[in-house]
């Protein structure tokens with residue numbers, strides 16, 4: 001009875017049949033100022049309809065091996081409230097009782113004479129959550145300050161790079177159009193598929209100019225080119241042209257340039 005204080009809410013649980021000792025203990029509890037006592041049989045506790053965290057002290061003459069009942073008594077106890085068990089049926093003694101109470105959620109378990117065991121409910125409700133402070137704020141501030149540069153700091157130890165020193169005189173020379181060409185810069189001169197630097201047009205003009213020059217400078221090696229295709233070689237530059245007089249300048253009319261229908 002030393003566990004009960006004034007104005008406590010007490011749940012007294014008895015097992016078996018009511019005896020004179022039980023009535024005497026209940027009367028002693030009621031004599032404490034402000035104490036309210038609820039008396040319940042062990043088999044009826046689960047059906048009693050008591051509220052969660054209702055009692056400051058629970059006095060239970062029950063077996064701690066009944067895990068369902070012990071867990072229910074934990075719910076009925078207020079945070080930091082106590083439950084006092086009198087267990088005469090524990091086969092393994094104090095260690096077994098201690099293990100049963102710990103597995104049910106009680107802490108700070110102590111034993112007393114007469115197979116009496118005192119257990120305490122943790123200072124929080126079952127299912128409650130609490131925010132953990134892992135000290136991340138201080139570490140974040142330190143990390144953020146590592147790369148921070150003070151623009152007003154004129155300390156002599158600070159070394160800065162002059163951007164002008166990163167460029168050589170060759171880098172400052174304006175490039176020419178030839179140096180910017182992409183196609184035709186490796187091996188044989190060949191324009192890209194989507195040439196935009198002018199090389200395609202240049203090569204096309206060169207090829208046409210070469211063909212014209214070849215035609216203008218063409219000379220007969222057989223001496224019979226002017227006679228017509230029947231007397232011309234397969235590689236004759238005048239192949240396909242009409243016969244002409246030796247030394248005559250060849251000009252094709254518009255009608256000759258049109259294909260026959």
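Cβ coordinates are placed from backbone N, Cα and C, and glycine is handled just like the others.
What Swiss-Prot annotates here:
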type    : residues           : note
REGION  : 4-134              : region 'N-terminal SAM-like domain'
REGION  : 134-173            : region 'Linker'
REGION  : 183-197            : region 'Fe-S binding site A'
BINDING : 183, 192, 195, 197 : [2Fe-2S] cluster binding site
REGION  : 222-236            : region 'Fe-S binding site B'
MOTIF   : 222-225            : motif 'Cx2C motif 1'
BINDING : 222, 225, 233, 236 : [4Fe-4S] cluster binding site
MOTIF   : 233-236            : motif 'Cx2C motif 2'
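Taken residue by residue, the motif 'Cx2C motif 2' (233-236) breaks down under DSSP into 0 helix, 0 strand, 4 coil. Neighbours of residue 192 ([2Fe-2S] cluster binding site), defined as other CB atoms within 10 A of its CB across all chains, total 13.
Here the C-alpha separation of residue 195 ([2Fe-2S] cluster binding site) and residue 236 ([4Fe-4S] cluster binding site) works out to 35 Å.
Between the C-alpha atoms of residue 192 ([2Fe-2S] cluster binding site) and residue 233 ([4Fe-4S] cluster binding site), the distance comes to 37 Å. Sequence-distant contacts (6 or more apart, same chain, Cβ under 8 Å) of residue 222 ([4Fe-4S] cluster binding site) comprise 231, 233. When the Cα atoms are compared, residue 225 ([4Fe-4S] cluster binding site) and residue 197 ([2Fe-2S] cluster binding site) turn out to be 42 Å apart.
Once Cβ contacts within 10 Å are tallied over all protein chains shown, the binding-site residues 225, 236 are led by 225. DSSP assigns residue 222 ([4Fe-4S] cluster binding site) to coil in the three-state reduction, placing it in neither a helix nor a strand.
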